[in-house]
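Just below is one structure, and these are the notes that go with it.
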Amino acid sequence: MRLDNRDKIQKYVIVGGGTAGWFSAAILVRALLNTGCKIELVESPNVPTIGVGEATIPSIVDTLRYLNIPLPEFIRETNATFKLGIKFSDWHTVGDHYWHQFGFVGGKMDDRPFYQHWLKYVMHGGELDYTDFSPSVAMAKHNKFHIGNPNKPNNLSASTYAFHFDAGLVAKYLTDYCVNNGVIHTKSHVRDVVLDDRGFIKSVISEKGQPIAGDFFIDCSGQHGLLIEKALNVGVENWQQYLPVDRAIAVQSETLSQLPPYTESIAHEHGWRWKIPLQNRTGNGYVYCSEFCDENTAIDALNRHIIGEKLTDPKVLSFVTGKRDKIWFKNCLSVGLSSGFLEPLESTSINLIVKGMMDFVNCIPDKDCNQQTIDEYNRLMDIEYECIRDFLVLHYCTSARQDSEFWRSWQHRSIPDSLQTKLALFRQQGRLFQNELDLFTADSWYAVLEGMKVRPISYDPLIDASDFTKIKQSLPQYIKGLQDSVDLLMTHDEFLAKITH
Ligand SMILES: Cc1cc2nc3c(=O)[nH]c(=O)nc-3n(C[C@H](O)[C@H](O)[C@H](O)COP(=O)(O)OP(=O)(O)OC[C@H]3O[C@@H](n4cnc5c(N)ncnc54)[C@H](O)[C@@H]3O)c2cc1C
């Protein structure tokens, strides 16, 4: 039995003060409250943060709850708006669009997935879209928003929400949160890393030559990978063959007259474009593949679609899609861009930051960092990354677009075996064999599959046990019920004004 405090981690050092650094510090300081552990965050005054990453998914609401952060204050301080899902335009073919909702679609009927009942309905000539049965989409389409009262469930209760926010303001907000809770904030450029004879990190050396020592190090230095890569030589598994986009142009423009409660993702000749509404401005970006498109062409393509006055010059970002071979190595955990990157199509990176830290908090080791714990952590994180990768690839590989080299390249591009198998199984009777670590629920997969016009050849035969006439009648009534409820709601703008007042 180990009762000696000397074995326990007493000091954590986080390198990097971007979204990853500050979320990591906040989660850690909250988890370690009253344990006497010290946390120091070292941030370079010379290296800017990446400055993008403004759309989230619903797990962010749980994170704020875990951190005891009041929602109205957070919305006010970060210029946030609400997000009910993503509207995808021009992905299957130009002119087509579909929704990827947050929350459930329909409800279980006779204990079978709603999708299967809907499938039988459309196979018999029904015309209502799958996501017409999503409360989130019903609200998003009409620019309405509300947060349901869990004690008074109604037909909108299956919706969930996330935020769009200003990443710089979030880092600022979390800095105050962390410092007020005892995190030491050091502004200093790290110029060196010192290892001990086991290859563990002993300290990082500041610009002025001062060592900052710790027992455990969290690398949040972004694409620099200062600790995990430069000091510990852990490589990256490159997934560019599956997800070839590798550049982005970001421009901020003036705020929209009406704030939509959703992100827009519009497919383009060489990639896709995002539109993210904040209270005080709009984030615009063009994500593209440098093999087919140069920087100026991308900037022109983005500029042509910006509504209103531009507030910033175009910022060019390059990235590689992939995952760190070992996200946790010895006494160093990589979090955020230093741990890998999956392109921002489904806004999953901040979720991976938080998930990575929460999982770490659940298996905090002693100073010697038990190898089995590390291996298990890495195994689980690998699965999470792979599930998200497959979901992202799905958006591209099912497109029917043939109007550019980029889109034609998808005809001969390989897709991961795991996705290939999933699609083959789905194409039979519409069954999804889900990994329990998959961030995206079956309803999310169904929404994108249906949005990209991938339909199975048949439905699950067990559906025939249900009274089809009754179900056929109930479906339009369900939609009418949703519509009636949405009509009574405030607009997204009105809701924001009320909550931030
Ligand atoms: C085009 C694009 C769009 C994106 N959109 C989304 C999105 O919509 N949703 C989402 O969830 N994610 C998105 N992301 C990902 C998101 O931006 C990142 O996951 C998030 O910002 C975390 O970045 P980071 O903190 O790891 O790195 P950074 O923001 O790069 O921060 C790195 C930090 O390390 C510090 N540092 C670097 N070198 C040193 C040094 N030598 N000494 C000390 N400190 C140092 C820097 O000063 C900085 O503070 C997007 C990414 C890209 C590229």
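From the backbone N, Cα and C atoms, a Cβ is placed for every residue, glycine too.
Where the annotation comes from TrEMBL, it is an automatic prediction and has not been curated.
Residues or ranges marked as transmembrane segment in TrEMBL: 12-33.
A simple way to gauge crowding: the CB of LEU337 (FAD binding site) has 24 other CB atoms within 10 angstroms, across all the protein chains here. LEU337 (FAD binding site) falls within a helical segment according to DSSP. Annotation comment: TrEMBL describes GLY17, GLY18, THR19, ALA20, VAL190, LEU337, ILE350 as FAD binding site.
Taken from TrEMBL, the feature active site applies to LYS83. Listed in sequence order, the residues of the same chain lying 6 or more apart from LYS83 (active site) and placing their CB within less than 8 Å of its CB are ALA55, THR56, PHE102, TYR161, ALA162, PHE163, HIS164, PRO261, TYR262, THR263.
Residues or ranges marked as 7-chloro-L-tryptophan binding site in TrEMBL: LYS83.
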Can you list which of the recorded positions GLY17, ALA20, LYS83 have their Cβ under 6 Å from some atom of ligand 1?
GLY17, ALA20
What residues, ordered by sequence, lie under 8 A Cβ-to-Cβ from ILE350 (FAD binding site) and sit at least six positions away in the same chain?
THR19, PHE23, GLY53, THR56, ILE60
Row ALA20 (FAD binding site), column other C-beta within 10 angstroms, all chains, value 32
CB neighbours of GLY17 (FAD binding site) within 10 A?
26
For VAL190 (FAD binding site), what is the secondary structure state per DSSP, taken as helix, strand or coil?
strand
Site extent for FAD, whole Å (max Cα pair distance, GLY17, GLY18, THR19, ALA20, VAL190, LEU337, ILE350):
24
Among all chains shown, work out which of the binding-site residues GLY18, THR19, VAL190 has the most CB atoms within 10 A of its CB.
THR19
